[in-house]
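Engineer: Have a look at this one.
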Number of protein chains: 2
Amino acid sequence: MLRLSSSDPGFAEAFAAVVADRRESAVDVAADVAAILRDVRERGDAALAELTTRFDGHDLDRTGWSIDAPACAKAFDALDPALREALELAAARIRAYHAAQLPEDRDYTDAAGVRLGATWRAVDAAGLYVPGGRAAYPSSLLMNAIPAKVAGVERLVVVTPTPNGEVNPLVLAAAHLAGVDEVWRVGGAHAVAALAYGTGRIAPVDVVTGPGNAWVAEAKRQLYGVVGIDMVAGPSEILVIADARNDARRIAADLLSQAEHDPTSQSILITDDAAFADAVAAAVELELAALATQATARASWSANGVVIDVGSLDEAPALANALAAEHVEIATEDAEALMRRIRHAGSVFLGRMTPEAVGDYVAGPNHVLPTGRRARFSSGLSVLDFMKRTSFIQLDQAALAAIGPAAVALADAEGLPAHARSISIRLGQ
Amino acid sequence: MLRLSSSDPGFAEAFAAVVADRRESAVDVAADVAAILRDVRERGDAALAELTTRFDGHDLDRTGWSIDAPACAKAFDALDPALREALELAAARIRAYHAAQLPEDRDYTDAAGVRLGATWRAVDAAGLYVPGGRAAYPSSLLMNAIPAKVAGVERLVVVTPTPNGEVNPLVLAAAHLAGVDEVWRVGGAHAVAALAYGTGRIAPVDVVTGPGNAWVAEAKRQLYGVVGIDMVAGPSEILVIADARNDARRIAADLLSQAEHDPTSQSILITDDAAFADAVAAAVELELAALATQATARASWSANGVVIDVGSLDEAPALANALAAEHVEIATEDAEALMRRIRHAGSVFLGRMTPEAVGDYVAGPNHVLPTGRRARFSSGLSVLDFMKRTSFIQLDQAALAAIGPAAVALADAEGLPAHARSISIRLGQ
């Protein structure tokens, strides 16, 4: 854990290094991924079968290529009732928040008599990548699938690796609850290629979302333009801004809830009280000792944890804006006033009773959020990622007479005479 | 020009080939672009100066690195008054349409007592690529710059190559009118790298938009994630759906307004009258003969033009949805009914008096639109490309007691005990 104080002479430089630290894999998989994409594009299902045998250790023709709806329903019915109700509460709250996000169409005629508008429509089909193994989170499936369904996507396809043929029943249960239409047992860059290009068995989709390892992320990046994608995701991160009136153990738990995700995760505390900073650092050690995910959380906290003392919380918004963190928790007296000064954050958790983890599961807003300072320019996943807008324009003779000549002048100036002609011929010129 | 009829036995296959034809450059510039990006990242302004000398043939230290605001204002004042008024009309109409696009913030408390919301904010800085030479369109500068300014972007930076040191006064005039803050005389992949990484002279931006050649497009693709970008743009295209009650010359002019952009552009006509199709084909030849851009337009029409006879216009929406064209003009009796059945299009131009070119300049909606079937999943440029949304969540003790236990159950099921702990510790568990 790195301890900084904003009053230190070297603070600006040390903080800049924290901001610049990407914590992302430096492994260059671009060429390998490009070869896999080409292979799936050319050989389709045969390539998928071979790559699944090689990477996941099972034969799709024997284990089955897909998991059908009754199997997903069965997994849902078999859940412990408390867990089933928790998933249902999460799904209902995520659905409600995203339904309120649906954009409105526009259609109006302006003073020049020009009818203008825009119509939002869902994409026809969306593909959702669900990782296998440690990161196979049913909550993540809900967070990706529900916005797609709320947007109106008719065909929602999950691809997920099942290493050695083992299926995660929680993922199947979540797929059932979210109304997923197809579940294919393929993962990795080849699964993303199958979604984008289509194969004999898997029809192509229009948008691919969902988290994945470096190969999956690179496949999405390379296929951007062939399909729409959600953002490129990096390691998770939390910034907690807390004054001394918090329970140090609670703040420590919040920091560790991020650290336990992965050794590359980052947890940062900004506080205006050095003694409280010490108390939190000590509480982190206490909490770690009791944590089943101790090894991961300790690795993350040791390598990437940062505790910053500031002279006043008034300094916090500028630091937060430079970090542009995925999650920003504000546990201070006037959290609202601080939030208004934070321009760049994926999501903000206000007050002492809003641990970030509640947003991961049941609050309702999406937990797929921009990482690695990308909150400067991108947003969390929403229904808009599964929709697109078509603008429309309608003129009559009078409207064309009113604004057409200006278009002719501009087309002439740009050296595009056919543009000008298509207008002037309608004005009898 | 390819002539098809939907009643031909081979139509489905021939039409599928039209849909699949990408018309995009197959030149692989990825490795060259990656080297340029690395060079600019490492050596900054020195790399920019060398690459500008090599590609644009002038020495930035002699011609000047940037163009200041007074020079842009002077270019604007020197415009022919009719052209100046045309630019002003275009700017005012683009501004009005995009101002109505600004998204609304949300802030509400739901039945469980959970406060939820989302706040939209502009990015701090945006960079706009403006091509040099043939494609240096002032209209394009307005279409990119005005949405950024309407969104609230405080620093808007133009990069544009000035081959052999020659500046395009129309571009400077448009930059003045749109309120561009900086104009740098650099182009190519190295200019995009400068915007994304920053150099000694050019501060980095958060979003890069604007058209460019294959190198610029690849640079944007590779830098996606370092900055936000607008879509990857391909050759322009128009689909005209027209019945026989149109003037064939007008429809021919509309088809050529797209063809004159570039030899890779595509113009497609769908009509339910074979004689009208013949008349349009003949009118295209007549119009071409009088066109200053004849060479380009003829090359495009010969290589990529398509005329499709359908038995009934009822067939048109399905064909249009498969093409997912950038521009769709509907010049038929009931244009509105056809539009309602078109799910995938960048922009629709309704009726006989709405030539697509009016949308290129003065109608108001953005002319930066998805090409190459990307209207299946992406939208035209808008204020949203220069904004991002931060969600927020606030719970009190009662709200956490209501929904927190479900989150604990899910965290436990996902094997994330620190997530569970951050909630249960606040519930006294």
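Positions of Cβ are set from backbone N, Cα and C atoms, glycine also.
Because TrEMBL annotations are produced automatically, they should be read as predictions rather than curated entries.
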Engineer: Per TrEMBL, which one of A:Asp181, A:Asp206, A:Asp360, A:Asp385 shares the substrate site with A:Ser236, A:Gln258, A:His261, A:His327, A:Glu414, A:His419?
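Structural biologist: For the substrate site that includes A:Ser236, A:Gln258, A:His261, A:His327, A:Glu414, A:His419, TrEMBL also lists A:Asp360.
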Engineer: Out of A:His261, A:His327, A:His419, give me whichever of these recorded positions has the highest number of other Cβ atoms within 10 Å.
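Structural biologist: Output for this query is A:His419.
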Engineer: Per residue, counting other C-beta atoms within 10 angstroms of the C-beta, which of the binding-site residues A:Ser236, A:Gln258 reaches the highest number?
Structural biologist: A:Gln258
Engineer: Near A:His327 (active site, proton acceptor), meaning Cα within 10 Å, which of A:Ser236, A:His261, A:Glu414, A:His419 (binding-site residues)?
Structural biologist: A:Ser236
Engineer: Which recorded positions (A:Ser236, A:Glu326, A:His327, A:Asp360, A:Glu414, A:His419) come close to chain B, taking a Cβ gap under 8 Å as close?
Structural biologist: A:Asp360, A:Glu414, A:His419
Engineer: Excluding near sequence neighbours, so keeping only residues 6 or more apart in the same chain, what lies with its CB under 8 A of A:Asp360 (substrate binding site)?
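Structural biologist: A:Ser139, A:His367 - these are the non-local Cβ neighbours of A:Asp360 (substrate binding site), listed in sequence order.
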Engineer: Do me a favour and check the Cα-Cα span between A:Glu414 (substrate binding site) and A:Glu326 (active site, proton acceptor); whole Å is fine.
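Structural biologist: Their Cα atoms are separated by 44 Å.
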Engineer: What three-state secondary structure does DSSP assign to A:Gln258 (substrate binding site)?
Structural biologist: helix
